[in-house]
Amino acid sequence: MAVAMSSTCPGLYCGKTLINGSLDGECGVCPRGQRTNIQKICEKCKESPELYDWLYLGFMAMLPLVLHWFFIEWYSGKKSSSALFQHITALFECGAAAVVTLLVNDPVGLLSIRSCGVQMLSDWYTMLYNPSPDYVTTLHCTQEAVFPLYTIVLIYYAFCLVFMMLLRPLLVKKIACGLGKSDRFKSIYAALYFFPILTVLQAVGGGLLYYAFPYIILVLSLVTLAVYMSASEIQSFKNLIAKKKRLVVLFSHWLLHAYGIISISRLDKLEQDLPLLALVPGPALFYLLTAKFTEPSRILSEGGNGH
């Protein structure tokens with residue numbers, strides 16, 4: 001009888017809540033950490049996140065770390081000895097923020113989370129699906145249907161910002177002696193710009209990023225690797241291994257390639273998906289093998305000779 005009554009709730013995300021074993025008679029928003037089932041009854045989410053959900057969270061966690069490293073490298077200068085320490089500090093900040101974020105989320109005190117899962121794109125934008133049964137009164141059933149994938153990223157960014165403001169200024173002031181006073185804190189100032197941008201990106205486009213991030217990783221990693229190798233004038237294997245930094249950049253991009261491939265395949269069928277990882281070195285090998293044929297000076301000289 002109670003289940004039949006609950007089925008009258010309109011909309012995708014409105015439901016009835018169980019209070020002390022009895023069903024609340026009014027339709028409304030489910031408490032945080034719960035979502036409606038087929039009978040429109042709010043149920044507590046007890047499942048663990050899927051592999052794809054963890055990969056999404058890993059992608060969102062990597063964004064501030066990669067941006068930190070980029071701006072540290074950009075503003076440190078080639079002769080600065082402080083860049084390495086700032087890179088390590090940024091890694092520690094993001095790592096500590098990730099651990100604290102997991103500990104404060106439900107279940108509190110454990111390095112694990114429970115998830116409601118993602119069923120469709122609309123789960124990320126429940127505010128757009130508040131029903132009006134009589135076309136006059138609107139039932140506000142906005143909730144985090146994808147709990148905790150939406151808010152956990154925002155909490156992580158907040159902790160990243162807190163740890164950065166606590167640790168980085170002291171470190172930079174102590175060891176960044178090779179930089180001018182105006183340049184020492186520019187990487188921190190940059191973070192104060194990109195953290196609000198990342199927050200808005202998650203708040204507005206979280207659902208789109210959830211489905212598109214594997215392809216974003218692949219495209220950006222391919223483009224940035226090609227730009228780096230071109231700017232560094234790497235045209236042979238000898239040029240590539242001449243500096244350790246170039247190998248670090250190469251292996252970092254290979255890890256991103258593998259991350260994107262795993263995210264796309266989701267490793268549903270290991271025997272079919274794992275061989276795809278053999279494609280990871282492909283773009284770099286292709287660039288090295290074809291770079292000599294696309295050098296501008298050679299093309300111009302051959303054009304001048306009439307070839």
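Don't overthink the numbers, they just go from 1 along the chain as shown.
Placement of Cβ uses the backbone N, Cα and C atoms for every residue, glycine included.
What TrEMBL annotates here:
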TRANSMEM  54-72  transmembrane segment
TRANSMEM  84-104  transmembrane segment
TRANSMEM  147-167  transmembrane segment
TRANSMEM  188-209  transmembrane segment
TRANSMEM  215-234  transmembrane segment
TRANSMEM  246-262  transmembrane segment
TRANSMEM  274-291  transmembrane segment
Positions on the same chain near the transmembrane segment (246-262), where near means CB under 8 A and six or more residues out: 55, 58-59, 214-215, 217-218, 220-222, 224-225, 228, 232, 234, 239-240, 273, 276-277, 279-281, 283-284
Listed stretch, out of 54-72, 84-104, 215-234, 274-291, that has the most CB pairs under 8 angstroms to the transmembrane segment (188-209): 54-72
Folded-back contacts onto the transmembrane segment (274-291), same chain, C-beta under 8 angstroms, at least six residues removed: 222, 225-226, 229, 234-237, 240, 250, 253-254, 257-258, 261-262, 265, 267
Intrachain neighbours beyond the transmembrane segment (215-234), with Cβ under 8 angstroms and 6 or more residues off its ends: 59, 209, 240, 246, 249-250, 253, 256-257, 259-261, 263-264, 283-284, 287-288, 291
